[in-house]
Amino acid sequence: MTDSRIDFRQAKFLISAPDIAHLDEHLPGDVGVEIAFAGRSNAGKSSALNQLTEQKNLARTSKTPGRTQLINVFALDEHRRLVDLPGYGFAQVPLAMKKKWQQALGQYLQERACLSGLVVLMDIRHPLKDLDMQMIEWAVDCDIPVLALLTKCDKLAQSARMKTVNDVRKALADFGDGVKVEPFSSLKGTGKPKVLGILNEWCHPDWLVEALADAEQE
């Protein structure tokens, strides 16, 4: 059996779009596999993407949380993409803009058929805010698997880190096996192998594996 692991270091910028409608205009239809990354504006989403892909500037980090307003799409190969959704919930962003972003996020989760998994990034020191829970609930309602990624785990001692991880797992237990919880550090790479394993699994849904196998036989 050949190694089917995806090399996330091969991620390349594909497009930016202001909302789901424009995303549909730029992509070749709602096909293939997409894995989306969402989180509050100070959750370290861009840094996590850069660490996972081992690229310093794949996702641009900003000194001003909430600045990233676009949906940014990165191609892993011709069938698979990573989607960096706009950060949500930052206090200094105007209310009208917040509502626009939240509408776009909800629309994407509920309408994008090729969405194979959602990573919800949360600062481990401030997990499970209202909007985080809303994102998780939206995804679960749409039968989309979720990874609740507790970022900046290097900021806590090991005992405090594991307590928070266990507390979050208990809080999300009612969602069942569709929601996983893992600690992560963009600075030190803590948790990276486990996260990449989950993402790789999402990159290989049965229907895509079967379609690619059929294509090879033709």
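Each Cβ is built from the backbone N, Cα and C atoms, and glycine gets one as well.
Swiss-Prot annotations:
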BINDING   39-46, 66-70, 84-87, 151-154, 184-186  GTP binding site
BINDING   Ser46, Thr68  Mg(2+) binding site
DOMAIN    31-205  domain 'EngB-type G'
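Here the features listed in Swiss-Prot are painted onto the structure.
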residue: Gly39; record: GTP binding site; DSSP (3 states): strand
residue: Lys45; record: GTP binding site; DSSP (3 states): helix
residue: Leu70; record: GTP binding site; DSSP (3 states): coil
residue: Pro86; record: GTP binding site; DSSP (3 states): coil
residue: Lys152; record: GTP binding site; DSSP (3 states): coil
residue: Phe184; record: GTP binding site; DSSP (3 states): coil
Within the predicted model, mean pLDDT of the domain 'EngB-type G' (31-205): 90
Residue pair Lys152 (GTP binding site), Ser46 (Mg(2+) binding site) - Cα distance, angstrom, rounded: 12
Cα-Cα distance linking Ser46 (Mg(2+) binding site) and Pro86 (GTP binding site), given in Å to the nearest integer: 10
Rounded inter-Cα distance in Å - Ser46 (Mg(2+) binding site), Phe184 (GTP binding site): 13
Least buried by Cβ count (within 10 Å) of the binding-site residues Gly39, Pro86: Pro86
Around the Cβ of Lys45 (GTP binding site), the count of other Cβ atoms that are within 10 Å: 27
